[in-house]
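K.L.:
Got these off Swiss-Prot a minute ago, pasting:
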type: DOMAIN; residues: 1-61; note: domain 'TGS'
type: REGION; residues: 242-533; note: region 'Catalytic'
type: BINDING; residues: Cys333, His384, His510; note: Zn(2+) binding site
Amino acid sequence: MIAITLPDGSRREFPGPVTVAEVAQSIGAGLAKAALAGRVDGQMVDTSYTIDHDAKLAIITDKDADGVDVIRHSTAHLLAYAVKELYPDAQVTIGPVIENGFYYDFAYKRPFTPDDLVAIEKKMGELAKKDEKVTREVLSRDDAVKLFQGMGEKYKAEIIASIPEDQEIGLYREGNFVDLCRGPHVPSTGKLKVFKLMKVAGAYWRGDHNNEMLQRIYGTAWAKREDQDAYLHMLEEAEKRDHRKLGRELDLFHIDEYSPGTVFWHPKGWTLWQEIEQYMRRVYRENGYQEVKGPQILDKTLWEKTGHWDKYRENMFITESEKREYALKPMNCPGHILIYKQGIKSYRDLPLRFGEFGACHRNEPSGGLHGIMRVRGFTQDDGHIFCTEDMIQAEVTAFTTLLQKVYKDFGFTEILYKLSTRPDKRIGTEESWDRAEAALAEGLRASGCEFEYLPGEGAFYGPKIEYVLKDALGRQWQCGTIQVDPNLPERLDAEFVGEDGARHRPIMLHRAIVGSLERFIGILIEQYAGALPTWLSPVQVVVLSITDSHAEYAQSVAQSLQKQGFRAVVDLRNEKIGYKIREHSVQKVPYQVVVGDKERDENQVAVRARGNVDLGSMPLSAFVERLKNDLANKS
């Protein structure tokens, strides 16, 4: 007998080996029809998979996140099937699932056009309606290489040839199309009903710029039409909020071909940057951090000691001087340990919290650069806490509480907490991992946080927490982190004198709240669609004169606001007031103050808030109180 345990704890027994589909059928016809795949003892499998032992089984449908991934993976194969039907000379390469969709890379003699995408999507629909069965086959590596070589698919043959000789190769067949894949896939193409091709882009074979350029077709696929419609609407809204577009329109920054992946901040953008930096600097001061500053360039021998020279060198910018090799720092942590090591540290000095607005450089591939979100030169609100093992929990609690306040001040109230635990390849004892993971978990609980475990996702030297914020469009951004690290202090010989008089290694907690300031500013721009809260706006008030006769009063109003610390400018141009109001509205200035005869004569100001809200006339002192309230409330 084969005993199958279902997620609700119930058991079903079968006289012999049984497929996932048969188990689903035994539960009910509705579930059998909805089944897309199964999870047997934690492993994702096809519905045709035969279970020949007592096992735990979950039937996967389109209501499960894994089910949607199966739909997307299968739709990527459907895309390749359609391309081969329409363009037999095209060669297929790889087609993975990505966030909200999938892509597939093709080699073809000419670029695919928008009209081609329309034709391919139409063919995909036709193939899906045929409801062809999707079947799995297993071949030896050499037989699989011969199969794809015989089909003229040199890229697939190359991939398979790189797989160990003794490893079996899984293939999936639907109609006339066969592809290499681990699976699982939907049982038939008729399960694929909601999809759309999005765009074509270039991609190097195997991600190496020395290889030939392929064509990458991106698509999206969903369980329900309304889910796809909501996603497409979100994309439309995201396009309107694109920080690259708004950065140009609002004159905040630009990226120049003379320095790819680094940011040229314009006066308005740099004002925004400084406001965030000064805010975070106050956060440092008020929470026991000492601000430090390390050099940009460090000798390669330091990076050899940390292990980065061997594992990360290709992502570092290297330079040479007087026969010594140096690297622009890609992270700040080694420098903070060198500062820590200056002078003997006692257990009484711990926890010791360093913070730095550290400029880092990483040699990211040019194809991965994206506005100010993904750059080569960036600055982090980088902090490191040197402490003992029994201090970790309290530090995590304090840091998490602080992070929540900071995110709230910036307008982010929905935060996801993810605790990454020990990977298979790791250093340290099981007991030390137990203690570190427990300290992180208890630190989160003490902060009132519900969190998700990410098994095996920790670094080789210690567990970490990722703090993921959700923006106005529901997108997730991982900005904050706290990481337990006993390894780097060991490598760089950091010590403190314990209560027992002996020397001990400190634990190092790597932590960041906003992470890269460049990326965080990009997130803020998109969160607010450029209409930043008053406290962050580069220009908080613009004073507009109606005619030249009001210029002197307008200037006096602007100067009064400036002296009180507000970012105010004055527009004295001889233009129609409606034109000036529209122009500054496009620039998303929080407040426009209009002054004419009435305002000048009565010593008042006519105030318009962003969004064309007329607040009427008021004394300047009343408007100042409104501004102060905005700044105090971070609005």
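Glycine too: its Cβ is placed from the backbone N, Cα and C atoms.
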K.L.:
Which are the residues of the chain, Cys333, His384, His510 excluded, whose CB is within 8 A of where the CB atoms of the Zn(2+) site average out, their centroid?
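P.N.:
So the additional residues around the site are Met331, Asn332, His336, Asp382, Gly383, Gln483, Asp485, Leu488, Met508, Leu509, Arg511.
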K.L.:
To which of the binding-site residues His384, His510 does the lowest count of other Cβ atoms within 10 Å belong?
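P.N.:
Minimum Cβ neighbour count within 10 Å, taken over the binding-site residues His384, His510, occurs at His510.
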K.L.:
What kind of secondary structure is His384 (Zn(2+) binding site) part of, going by DSSP in three states?
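P.N.:
Looking at the DSSP assignment, His384 (Zn(2+) binding site) belongs to a strand.
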K.L.:
Write out how many residues of the domain 'TGS' (1-61) are helix, how many strand and how many coil, based on DSSP.
P.N.:
14 helix, 25 strand, 22 coil
K.L.:
Across the domain 'TGS' (1-61), what does the mean pLDDT come to, as a whole number?
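P.N.:
PLDDT averaged over the stretch: 95.
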K.L.:
Which number gives the other C-beta atoms within 10 angstroms of the C-beta of Cys333 (Zn(2+) binding site), all protein chains shown included?
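P.N.:
For Cys333 (Zn(2+) binding site), the count of other Cβ atoms within 10 Å is 23.
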K.L.:
According to DSSP, which of helix, strand or coil covers His510 (Zn(2+) binding site)?
P.N.:
strand
K.L.:
Three-state secondary structure of Cys333 (Zn(2+) binding site) from DSSP?
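P.N.:
Going by the DSSP assignment, Cys333 (Zn(2+) binding site) falls within a helical segment, counted as helix.
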